[in-house]
Amino acid sequence: MSRAKAYRGFINENKAKVMARSDPLATPGDIAAALALLTRLPVPADQARGARASWAWPLAGAVTGAVAAVVGGVALWLGLPAALAAALVLATQIVLTGALHEDGLADVADGFWGGHDVARRLDIMKDSRVGSYGVIALVLSLIARWAALAALMPFGGLFWVLVATGALSRAPMAVLMAAMPNARGAGLSQSVGRPSQATATLGVLVALAAGFLCLGTSALAPILWVSLATLAIAAIAKAKIGGQTGDVLGSAQQLCEIAALGALVAVST
């Protein structure tokens, strides 16, 4: 290979690296990557951007919420009671996400409260079996979300509630990834990478925009509750395993969604 050709190859390679670093947004690709990672929707996507696409995770949550809201709206239109419509909304969300976040919640509950030290907690979280703490956490999560949705349905605006809470509950995942080290050297969180502070901040702004566009000033309460839930999750994860994992991110989504829905119930009743 000639020196000129080698030099051009070197320039092109480093130009690509610089472009990758300086191009924080590749909007269509990032949205597709977010949908492919966080949902079961058949979206072709290149996951090479990894954590740089995490700003779009709230958009994936908004899509999930929108689809579930349509199912819930049809159920109410057909005359089904709010309790049954709320159950169908939850079922739709679980099918769309493949229970990705619920799995993380169960693993965290088992590991954090079933292990006596960091190594054991991480081992338990990696185990595919679900223990008593995990089952209890899943049941409580489903009951809390179902009860909140059933309570909110008589007030109307189900579509906007689910879009907003879907977005607001996904932004903390990128925030935790950016703010905390990975607690283990493998797993989904490690493979995706660590987003920059700018990427995580953009994700927060996207979620805030979705919240205010959908709910107006009523978004203030869920934003506050989600913020407090995120801080609590970060503190517990730091104390239990010294950082975050994919399971911690999944549990954060679940708890932040419960917080957002609970806040809306509190201000609506």
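Each residue, glycine too, has its Cβ placed from N, Cα and C.
Since the structure is predicted, the reported quantities are computational estimates derived from the model, not experimental observations.
Feature annotations, reproduced from TrEMBL:
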TRANSMEM  55-76  transmembrane segment
TRANSMEM  82-100  transmembrane segment
TRANSMEM  130-152  transmembrane segment
TRANSMEM  158-179  transmembrane segment
TRANSMEM  200-225  transmembrane segment
Segment proximity, the transmembrane segment (55-76) to the transmembrane segment (200-225), 3 or more C-beta pairs under 8 Å: yes
Intrachain residues whose Cβ lies under 8 Å of the transmembrane segment (158-179), provided they are six or more past its termini: 38, 51, 54-55, 57-66, 68-70, 72-73, 76, 89, 149, 152, 189, 192, 194-197, 199-200, 203-204, 206-208, 210-211, 214-215, 219, 222-223, 226, 229-230, 233-234, 237, 244, 248-249, 252-254, 256-257, 260-261, 264
Remote residues contacting the transmembrane segment (82-100) - C-beta distance under 8 A, at least 6 residues beyond either end: 38-41, 64-65, 67-69, 71-72, 75-76, 142, 145-147, 149-150, 153-154, 158, 162, 250
